[in-house]
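One structure below.
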Amino acid sequence: MAAGAVAWLLLWAAWLVGRLAADFSDAPFSAGKGVRATCSEIILRQEFLKDGFHRDLLIKVKFGESIEDLQTCRLLIKHYIPPGLFVDPYELASLRERNLTEAVMLSESFNIEAPNYLSNESAVLIYARQDAQCIDCFQAFLPVHYRYHRPHKKDGDTLIVVNNPDLLMYCDQEFPILKCWAQSEVAAPCALKSEEICQWKSMQYKSILKNLTVQVPVGLTIHTSLVCSVTLLITILCSTLILLAVFKYGHFSL
């Protein structure tokens, strides 16, 4: 009886040791699979350069791992410009001719002279270029300008919020890492001067800032009477000086 109990204990101990050894040998493999399944992040950062009413919107995109295998890929940024700002399509055309940017406006009816309260959101496509100083980075810039805003009663500034853009990528071949980032497909021109339409992958990314904000100085309503009076006086003065110069130095023939 005692011998049988000892035998059963030995068998149970042997089974337990084997089970622990199997679990230990499988642990590194499982951990390795977990590491391989973790996707690196795409980091996007945008900021305003320059001061005053004419700024440059700089957009930088950094991939979480080397993109040496993604040299055949193109990056497209679809940005939505709020009504408080505008992009000059003629300025973009001039920059494209000098090969300084690859951006084109999607909005057809666009008035750069319209004030903020009569304007709508506009969309711009920007074909990003690889950053020469960072092998894993792309960058693009877009010149933007402030619109005229209604005067305020108290505060002399207004806040403009620039939302994060859509990030699109198109590759000539499939890469496993793209499955980590891609969310959906969007139809867009394959290149700036191409009429061919490609299916770009909408990429998931992490932004440094939730939203980019900028303060724009505006007039105050309490200054309306003063501004109108001074403007009228200057207009009358200049008109009078012009008429005096015409009568004094002009040559009239009947």
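Using N, Cα and C of the backbone, Cβ positions are placed for all residues, glycine too.
Asn211 (N-linked glycosylation site) falls outside any helix or strand according to DSSP and counts as coil. Under 8 Å, Cβ to Cβ, and six or more positions away along its own chain, Asn211 (N-linked glycosylation site) finds Val161, Val162, Asn163, Asn164. If you look up Swiss-Prot, you'll see Asn211 marked as N-linked glycosylation site.
Under the heading topological domain 'Lumenal', Swiss-Prot lists 23-226.
What Swiss-Prot records for 248-254 is topological domain 'Cytoplasmic', and it gives sequence analysis as the kind of evidence.
Swiss-Prot lists 227-247 with the feature transmembrane segment, giving sequence analysis as the kind of evidence. Using a Cβ-Cβ cut-off under 8 Å and counting only residues 6 or more beyond its ends in the same chain, the transmembrane segment (227-247) has close neighbours at 219.
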